[in-house]
Amino acid sequence: TNGFILMKCGRAGFNQVMAQFQEVMRQQLESSMHAELEKLVGTAKGAEAKVSKKDFEGFRKLFHRFLQVKGPSVEWSKINRPPEDSIQPYDKIKAKGLPHYIADSLNKLVVVKLNGGLGTSMGCKGPKSLISVRNENTFLDLTVQQIEHLNKTYNADVPLVLMNSFNTDEDTKKILQKYTHHRVKIHTFNQSRYPRINKESLLPVAKDMAMTGENADVWYPPGHGDIYASFYNSGLLERLIAEGKEYIFVSNIDNLGATVDLYILNHLVSQPNGKRCEFIMEVTDKTRADVKGGTLIQYDGKLRLLEIAQVPKAHVDEFKSVTKFKIFNTNNLWISLSAIKRLQEQNAMDMEIIVNPKTLDGDLNVIQLETAVGAAIKCFDNALGINVPRSRFLPVKTTSDLLLVMSNLYSLEAGSLTMSERREFPTTPHVKLGSSFTKVQEYLTRFESIPDMLELDHLTVSGDVTFGKHVSLKGTVIIIANHGDRIDIPAGSMLENKIVSGNLRILDH
């Protein structure tokens, strides 16, 4: 027995020594990081130094938390389904109808679009929001048209706020001049600029604050969870509160389904004071295509967002299951401005850290620390999920998505896309275009006109394929040109439940 007790004490002592050792290592890393950041700020000039100092304060907090985290941020056994009343069906919210004073509610609203991303994944230079998606209209054009239509219809004053990143700010500001005479006030603020850190040394790769030359890849915008700190630090949050604004509606600029919904807005502003809902997350039913999307769970008595990155490896398949986790986050969020201010000032905004590994030129492995805007749901009072129709989630991430929104499946009115009434079933077809279509310019040259897709269920295209004018696609259509072959779908063709393969070339006579 004595031997066992000794062994037990020995192990406890060893654990204590290890914990102390790890703490010393953490402190050393933090102090090295602090010194490196000071050096970097020392290379900045004037206003840039002030902004960088603010950015680095946020980065330091994130890095400190990163060093504290041990293992997965959730214990799987503590995960519960959200209580029934914490996720309301949209129809129930809509059934309340709208009061005659809805314009008063609109005057308390600000629309915020996350505009930090580039169009590189679609082969485009510059901000993604400047890609043409429909009738020469860009994502930004459609957003401005939507809000202008609201302001004119209800004689309201809903401003648009763009959260830019250092990647998109300059190009976006140049283009904003074209909206000067539109009935929408447009404001911008910038996301933070954080340093990528070497995976081995856990220190910044940057040697100075420059952003060009060998420094081009050493900075990153730290995910949309940075919205709270950046918005607060910009001074714009205070200004909007002073103007009587109460809520923001936040969404990704490439989600064409994320329009202002008057029923959700009315639900927010009509809550009794003591029960005011500070955060609404729009969720929608999961399909097989959405298995990686974050979901809402009940954890430690709070509604919480669970992302795939937080799931222990042994439970990833369970997380992807459509039967256990039935909904996913659309990233359409309605958030109280005064609550953001309170949580920022109390330093109480707590979001899980996403560690994103990257490889830079020269095979240098780095990591970037990010957070997601929806992860803060657990910090807000009376948070709620609303299960909205799928039509409110229409993201354009690829040219396959672009084909859908450019087609006759959707009609465009006042900047908003709605499913055509001529389509007999409300589901969106599944479209998968191959690598020859990845870049927007290339994709556009392969269609003489966008096919009629009103009766399409599924389209797969692979290889060197082109489409003539006035092609009609129905049911399931699979077109595969093998390597070295080319398929030209003739003008006026109607393909219904067809597989086309081999070589089909149409040459001018």
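Positions of Cβ are set from backbone N, Cα and C atoms, glycine also.
Noted in TrEMBL for the protein shown:
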type: BINDING; residues: K128, Q191, G223, D254, K397; note: UTP binding site
type: BINDING; residues: H224; note: substrate binding site
>> Pairwise over K128, Q191, G223, D254, K397, annotated as binding UTP, what's the top Cα to Cα distance to the nearest Å?
In response: 21
>> Taking only same-chain residues 6+ apart in sequence, whose CB is under 8 Å from that of K128 (UTP binding site), what do you get?
In response: G117, L118, G119, M122, F139, T168, I253, D254
> Relative to the Cβ of K397 (UTP binding site), which residues of the same chain, six or more apart in sequence, are found under 8 Å away?
Replying inline: S121, D254
> Taking the Cβ of Q191 (UTP binding site) as the centre, how many other Cβ atoms fall within a 10 Å radius?
Replying inline: 26
>> What's the number of neighbouring CB atoms sitting within 10 A of the CB on H224 (substrate binding site)?
In response: 24
> Roughly how many Å separate the Cα of H224 (substrate binding site) from that of Q191 (UTP binding site), to the nearest whole number?
Replying inline: 8
> How many other Cβ atoms sit within 10 Å of the Cβ of D254 (UTP binding site)?
Replying inline: 22
